[in-house]
Amino acid sequence: MEAEAAAKRARESGDAAAAGAGEQAGISAVIPGWFSEISPMWPGEAHSLKVEKVLFQGKSDYQNVMVFQSSTYGKVLVLDGVIQVTERDECAYQEMITHLPLCSIKDPKKVLVIGGGDGGVLREVSRHSSVEQIDICEIDKMVVDVSKQFFPHLAVGFEDPRVSLHIGDGVAFLKNAPEGTYDAVIVDSSDPIGPAQELFEKPFFQSVARALRPGGVVCTQAESIWLHMHIIEDIVANCRQVFKGSVNYAWTTVPTYPSGVIGFMLCSTEGPTVDFQHPIFNIEDNEFSTKSKGPLKFYNSEIHSASFCLPSFAKRVIGSKAN
């Protein structure tokens with residue numbers, strides 16, 4: 001009731017426009033001091049975090065960028081009003097999107113990261129001693145700069161000498177990559193609205209497949225089974241048409257992502273068989289990994305295999321796209 005009264009007072013005092021602007025930026029105008037994540041990607045619901053202090057607000061050529069200190073999840077990176085990273089739970093996403101593909105193939109040497117401007121995926125890729133070359137293509141330099149300033153534990157990935165940073169369009173970068181260049185491609189994209197839209201479409205997956213060696217692997221962010229089954233259906237259908245090796249869907253928990261879960265699409269090109277559900281490299285006990293970046297916080301071999309176990313409703317829908 002108090003929130004409703006506050007909203008009514010705002011409207012009556014002519015502050016409705018300001019309230020709307022606040023919602024668009026992601027800061028709730030109805031409950032001061034709280035960030036509310038509101039998006040057409042999850043209509044009718046919002047996730048809120050208490051804001052201790054706004055540390056950065058800016059607008060790049062592509063999106064609104066904000067960093068704030070929350071009371072329970074540490075520093076939070078927000079792009080266009082949507083949470084991308086929090087200090088508390090980033091490990092679940094970064095470790096899973098990286099080690100699900102890289103622990104499923106033998107000695108990956110060349111890895112491409114599309115997106116991932118916060119540096120977290122780079123941090124995890126650099127745990128693999130077999131990797132000789134890590135290319136990253138991020139469209140928004142502001143994301144990289146902000147991460148280096150406010151999230152050094154993530155941006156440490158940029159310091160690895162094997163990393164080459166390319167600021168530009170990931171779709172164009174892939175089209176220009178020589179055929180069969182990479183052992184693995186990791187697509188750390190935001191939701192399929194705005195600049196990330198192309199990263200969920202069939203032509204992009206075709207470019208990924210061309211850039212991979214035979215038996216090469218890709219892992220891409222693939223939304224929530226609770227909110228986006230219609231999107232996941234399309235992704236699965238496109239991937240089954242493009243990738244002639246393995247095609248699997250995995251998921252994990254990330255408390256600050258919509259519905260508290262996020263999915264991953266894992267595919268391999270025709271060639272040596274890839275069994276994504278059973279990792280062949282045990283990174284959690286790897287001395288190089290622990291020495292270079294410290295112990296893993298989330299990923300292990302058991303959770304790797306478990307992540308492919310789907311609820312019945314999701315299993316039916318994803319299985320229906322098998323042909």
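Note that Cβ sites are derived from N, Cα and C of the backbone, with glycine treated the same way.
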If I go by Swiss-Prot, which of Glu37, Glu138, Glu223 binds S-adenosyl 3-(methylsulfanyl)propylamine at the same site as Gln63, Gln94, Asp118, Asp169, Gly170, Asp188?
Glu138
I'd like to know which of the binding-site residues Gln94, Ser189 has the most other Cβ atoms within 10 Å of its Cβ.
Gln94
Pairwise CA distance, Gln94 (S-adenosyl 3-(methylsulfanyl)propylamine binding site) versus Ser189 (putrescine binding site), rounded so that it is a whole Å:
12
Could you round the CA separation between Tyr257 (putrescine binding site) and Asp188 (S-adenosyl 3-(methylsulfanyl)propylamine binding site) to a whole angstrom and send it over?
14
Would you mind reading off the Cα separation of Asp169 (S-adenosyl 3-(methylsulfanyl)propylamine binding site) from Ser189 (putrescine binding site), to the nearest angstrom?
12
